[in-house]
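**Student:** Attaching a single structure in structure tokens format; questions to follow.
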Ligand SMILES: *[C@@H]1O[C@H](CO)[C@@H](O)[C@H](O)[C@H]1NC(C)=O
Ligand SMILES: *[C@@H]1O[C@H](CO)[C@@H](O)[C@H](O)[C@H]1NC(C)=O
Ligand SMILES: *[C@@H]1O[C@H](CO)[C@@H](O)[C@H](O)[C@H]1NC(C)=O
Ligand SMILES: *[C@@H]1O[C@H](CO)[C@@H](O)[C@H](O)[C@H]1NC(C)=O
Ligand SMILES: *[C@@H]1O[C@H](CO)[C@@H](O)[C@H](O)[C@H]1NC(C)=O
Ligand SMILES: *[C@@H]1O[C@H](CO)[C@@H](O)[C@H](O)[C@H]1NC(C)=O
Ligand SMILES: *[C@@H]1O[C@H](CO)[C@@H](O)[C@H](O)[C@H]1NC(C)=O
Ligand SMILES: *[C@@H]1O[C@H](CO)[C@@H](O)[C@H](O)[C@H]1NC(C)=O
């Protein structure tokens, strides 16, 4: 008895010591191992050998605090090249850990490994991680949750529970075969067969009646849902029957709270919402389905569901007799008005310092294109419209990823011949971007063109959709940065009239902007993170076609403004 008591005292002392050590250090180093491996995953009545992390689909959720350091050893035990991107993490001076293949590293080959090391600096909220190699992110993704520092709190009442909601896209085929087939034929890739919530399809799909994510709530409590659009190619609407959301954050930045009954997230975007158990105890569907802005393009029009279940919901008298959950009404697939109202509701919580006195005023068109088929191509490889091949571009450059060096390595070591720095600051040809575009403008040039920024430059980019082939809402993601979205609109950006719409007071801070279909968005940031940073459409079919470019941000003065040296285990080509 006495011994037991002594032990308890020692344990208590140890516990108190650990607690104080933790709060003093105030930041920790978390180590994880991600094993990329094929795992059997059964969906839609069929078992696939899906590529996963640690055999989990979706992969593990990482939970850290602002200021923590992550060391994730990625071991590639699958048959494909792979890299992991920490979507939205600023990676200040640690560009080598960003992850896009052939941009900041060469792929981790089968049998290889690489440890990503980086520190979360000044970010709080919901981010995620995903493969950044071919279409592997279809199944290789997970949540990255950043809590406030020890002793700090959210700028809203502490929620009772917190649940990540990962929206995904499922193919009843190997996604790598789907993209390879499209690359061969030049046609659009096969559309997905289903969407998922936390990896589950929900009971509206065949063979899925038992595969539904259940999210619990108690009457009166307020919970936080961390919604992530991890789908490959589809912007999605998301709603919960009879409940409203209070939006409090997006892309790991807080927002001025606003209420809405529907969210729209482009792939890559995250949205944090509060939901209160203020309805009669029951079961309510949460549902996601497509927002489709492209015209005459096939899309997956199915609906995925999860269930919001009140803990006090009456139990069904007999199993199987439970009433069907209540279904929310979702906007029409092409309801751009709802999308516009939603995206215009985002503001920073208070006045922010938006860069002014712009050093680099850039104008980038984003959109699709069609390549005429080379004469030596068989017609089976020219299955785009009218015997063409699909392509996509920014400022008429269809981005080609290098294969022999990563861009960052070529930049840092001065290796010539891998890229050029002549990415145009404005479109080479001015035309009515959103009008009836002449077919003579449809074919872009191919190239690995980068744009160089001096350290600390204040950058503005007008991102303009084009109606070439079809206008479309493009989720444009910038690596290594958060940016302010100071305005968006429809038609062609008009510098005379539209500057009056700029919000230089409290614009939202994001890492991915859903550029309105047939419209434009204006973003601003300060180039204070040296490295090579990809900017691309987060619809994977578009990045496959070349809808990308990259910035080189030069080093500034002194160590704190200089890219760190490459880690010794950096995979080379
Ligand atoms: C794409 O769809 C077509 C038509 O349904 C089918 O024949 C083909 O096998 C699919 N491709 C892949 C890679 O699943
Ligand atoms: C979805 O698309 C299919 C094929 O085009 C069509 O038959 C079906 O009616 C559509 N379903 C809905 C709910 O729009
Ligand atoms: C949306 O689709 C509906 C039904 O297909 C169509 O009647 C309507 O004109 C479309 N609206 C827009 C804005 O394209
Ligand atoms: C295919 O060619 C026809 C005739 O030139 C043209 O009207 C049509 O717009 C073309 N389709 C596309 C998608 O460019
Ligand atoms: C890298 O590849 C590019 C494109 O194929 C080629 O032009 C360049 O010479 C290569 N660089 C080196 C150093 O091998
Ligand atoms: C677009 O322009 C082409 C060529 O100038 C013309 O044939 C076609 O009718 C126009 N389409 C529309 C919808 O105005
Ligand atoms: C893109 O460049 C090609 C080659 O110079 C040209 O044919 C095409 O018209 C250009 N298109 C645009 C939109 O600038
Ligand atoms: C895998 O990566 C290596 C080295 O970077 C590259 O040479 C090879 O082509 C890649 N394989 C595929 C299938 O992309």
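Using N, Cα and C of the backbone, Cβ positions are placed for all residues, glycine too.
Automatic, uncurated: that is what TrEMBL annotation is.
So TrEMBL says this about it:
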- 1-27: signal peptide (SIGNAL)
- 36-150: domain 'Plastocyanin-like' (DOMAIN)
- 162-312: domain 'Plastocyanin-like' (DOMAIN)
- 423-555: domain 'Plastocyanin-like' (DOMAIN)
**Student:** Taking all residues of the domain 'Plastocyanin-like' (423-555) together, what is their mean pLDDT?
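**Tutor:** Value for the domain 'Plastocyanin-like' (423-555), mean pLDDT as a whole number: 98.
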**Student:** On the DSSP side of things, how many residues of the domain 'Plastocyanin-like' (423-555) fall into helix, strand and coil, could you say?
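**Tutor:** Final tally across the stretch: 13 helix, 56 strand, 64 coil.
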**Student:** Under the DSSP assignment, what numbers of helix, strand and coil residues are found in the domain 'Plastocyanin-like' (36-150)?
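**Tutor:** Reading the DSSP string over the domain 'Plastocyanin-like' (36-150) gives 6 helix, 58 strand, 51 coil.
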